[in-house]
Structures are given as structure tokens and as C-alpha cells.
């Protein structure tokens, strides 16, 4: 049924569809389903936390229209916050590692936000440090996606229950999500574990920065994943296992899914699908594996992910 008109674009965040992968999954493997979070109005899963963090601050009297928001972001949270701020009448300033794609930078500017780039070698730590400096210098409000409880909470209240509704009458045997802030994994994982006590919750992290696995942080190309530290928004008790994914592996899977499934997905989505397929092979036929595709491939057309010689 078609949705009724809404008063504000933020009202259409959530309610994203789920699609079964048909061509990239082996016949003897479990069914793999992907939740298309890039169908949110700002183009990514981060729209959910952007609205949740702003509305929490409004309820607590921390911000009013005309105020300025500052946030360190690898891109998608910034884009979510930028469009929510534009819709609600706030100004926005974002600090971001210089290694992030040109599309991400341009999208932030298109929504009227100011962008401050930090050294790529410092990863998200550099962006976080710069945001703190700007906050202290100008008195800006910082939502702090890596610490804000509204982040995992919105996934517990929306994304998780949506999956329960979408899979009503079925059992989800494994749920996987890439860990950036860990909000999706923590919030959805909590809901699904309550409904399916035997479910396996799997964290996905970059092979080149295996911090969750006890390794050292390092530079990697899986934009949005692997912040280089364990965020306060990640419930480390919620996941049962970790799958590490390499840069090239994630990119190859993103390209395959575009060509073989008609789903144009971002780099972290490629990592999620690769990990989900590995888990599906392990579980075998008759089981159900679900993952989340955080963002759309159009956000990466200037990156090596979708650069073509001809």
C-alpha cells in the first residue's frame, strides 16, 4: 500500500525492504537476505541514528533551531545529520578523514554543511579530536555517535522490530552487521536474541584493522567500518563470533552483486554480503541468514570500487 503524504522528510526514515540474494549464494548454502538501508531518504542506515540523536537532544533541551551541530564522521552519519539538520533548521559542521570519497564530501556540502578534513593517517581518531576542539572553541553541540545511547537504541526500537515483522513465521538463524559504531549490531542483536534464543550474531570488521579480534588498528578501505577502537555504542557481549573481511574481497563482492543481483551497494555492503555468504555456507541449506546493506554504490563511483578503464 502506498504511503500517505508526510509533513517532513525525516518521517520516512526506516521501513526499509528486505531482498533475498539469488545468484551469488551457493545452492547448498543457507538463504541470504539483505536489508536495503540505502533506501532511507539520506541514502544510508545512518539516517536512523541521525534523527534519533537530534530528537534526543531536542527533548533534553540541548539544541534549538539555528544552533550548530558538530560531528566526526566517515561520511554516512554526516550525510544523515546534514539532511536532518537541513530539514529541521540547524547548521552543521563535520570533521572527516581526508581519505573519504569525493561523493561523501560533496553530499555534505550539498546539504549546506561545512566540512573540515583531517589527516587520513589519523583515521577517525583525528576527526574525533578535531570535532572536540571545534565544540570547545565555538560551543557547538556534538551528538557523539560513538558514545550516544540513542544510536543502538534506535536500532532496538526500529530496525530490529522491522526484521521481526518482515520474517514473521520464519526463524533467523544468523544476523551479521559491520561494526563502525556498533549501533546496528548492538540494537538489532538485542531484539533478535530475545526472539530467537539460538541465533548467531556476527560482527564484521576489516581484516586490516582487526581491533575487535584483539589486533592492532590500521588503515583500510572499508569506509564506515573499523574505527580503530572499540566504541562505547558497541555491546561486546552481543556478538557470538567475528568475521574479518579484506579490502579487495569486499570490493569484489560489491561488484559481483551489482552485476549478478542488480543491487548497487557500497564497500561495507560488499563486506557484509561476503561475510553473510561465508556464514550461509557454514550453516547449510534450510537456514536463514540476514545482513544489512548500509549504503548505496552511487556514493562510491569516484573510488576504486567502481572505476572503469573504458
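Backbone N, Cα and C define each Cβ position, glycine as well.
Annotated features in Swiss-Prot:
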- 76, 180, 181, 182, 183, 184, 268: pyridoxal 5'-phosphate binding site (BINDING)
- 46: N6-(pyridoxal phosphate)lysine (MOD_RES)
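For residue 46 (N6-(pyridoxal phosphate)lysine), the count of additional Cβ atoms within 10 Å of its Cβ stands at 30 [all protein chains shown]. For the binding-site residues listed here (181, 268), the lowest count of other CB atoms within 10 A around the CB belongs to 181. Same-chain residues that are not part of 76, 180, 181, 182, 183, 184, 268 yet have a Cβ within 8 Å of the Cβ center of the pyridoxal 5'-phosphate site turn out to be 45, 46, 177, 178, 179, 185, 224, 225, 294.
Note: residue 183 (pyridoxal 5'-phosphate binding site) has non-local neighbours 49, 145, 151, 152, 154, 155, 233, 234, i.e. same-chain residues 6+ apart with C-beta under 8 A of its own C-beta. Of all the Cβ atoms in the protein chains shown, 29 others lie within 10 Å of the Cβ of residue 180 (pyridoxal 5'-phosphate binding site). Packing around residue 76 (pyridoxal 5'-phosphate binding site) is summarised by its Cβ count: 30 other Cβ atoms lie within 10 angstroms of its Cβ, all protein chains included. Once the Cα atoms of 76, 180, 181, 182, 183, 184, 268, the listed binders of pyridoxal 5'-phosphate, are compared pairwise, the greatest separation found is 15 Å. Counting every protein chain shown, the number of other Cβ atoms lying within 10 Å of the Cβ of residue 184 (pyridoxal 5'-phosphate binding site) is 30. Residue 182 (pyridoxal 5'-phosphate binding site): 28 other CB atoms within 10 A of its CB, across all protein chains. When the alpha carbons of residue 182 (pyridoxal 5'-phosphate binding site) and residue 46 (N6-(pyridoxal phosphate)lysine) are compared, the span between them is 12 angstrom. Within 10 Å of the residue listed as 'N6-(pyridoxal phosphate)lysine', counting CA to CA, the binding-site residues 76, 180, 268 contribute 76.
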